[in-house]
Amino acid sequence: MLEQGVTPGGTAEGSGTVREGCGTPQPPTTSPPLSPDLYRKVFVFRKDPSDAYVVLRARLEQPLHNFTVCLRSYTDLSRPHSLFSYATKAQDNEILLFKPKPEEYRFYVGGKFVTFRVPESRRDWEHVCASWESATGIAEFWLNGKPWPRKGLQRGYTVAATAAILLGQEQDSFGGGFDLYNSFSGELTDVYLWDTGLSPDKMRAAFLSLRLPPALLAWKSLSYEVKGDVVVKPRLREALGA
């Protein structure tokens, strides 16, 4: 369930309004966990709306006090959709990158969110990175290699380590509770998760697909499992710097 947002001062910004969930779908097909080199490849989510998703496997040995998540997306959706969903049994929106409309991103930590307003997409690749640190509560958002003004979010919070990590669906329960009208349709690539905040130079390196530090989730050695109608294909159109 999408929860209240917060402003940099910590006051409520708004609450996510979505359709009622459709329950946990029973996808028609699955694939065994894979760890291939996905360089210059993409996940294609073919249907709209869709019950398909990709499960990501990460070995998190301890809770997160800092993290950075990055990915690249290509879609013509104008409705709300989830990009990256990290849910625990206690909190379904432990980490969430969500796009409620073309000119807005929401970044959730521990069920609270901050909003970053962006230029409406010109139907091109968008590379986003979001980072957070517990000690200060500072949330950073980068779009196509450029930083947005930093905001305050969940100072002192700890992100739990036992999680279901999905691409393409927003979880309203641990590993399920999907609303098909929050599903992603289009192409996703270059997905990374680090247990630290990245420096500005590394944020730009992620956008440019340059060498990056070791990650909990790394696109070139991603352990994943496809659920439903998602296929891996070569990238047809190159993103700037990719």
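Cβ coordinates are placed from backbone N, Cα and C, and glycine is handled just like the others.
Of the listed residues C22, C129, C129 is the one TrEMBL pairs with C70, by disulfide bond. Using a 10 Å Cβ-Cβ cutoff, C70 (disulfide bond) registers 26 neighbours.
Per-residue pLDDT, averaged across the domain 'Pentraxin (PTX)' (39-238), gives 97.
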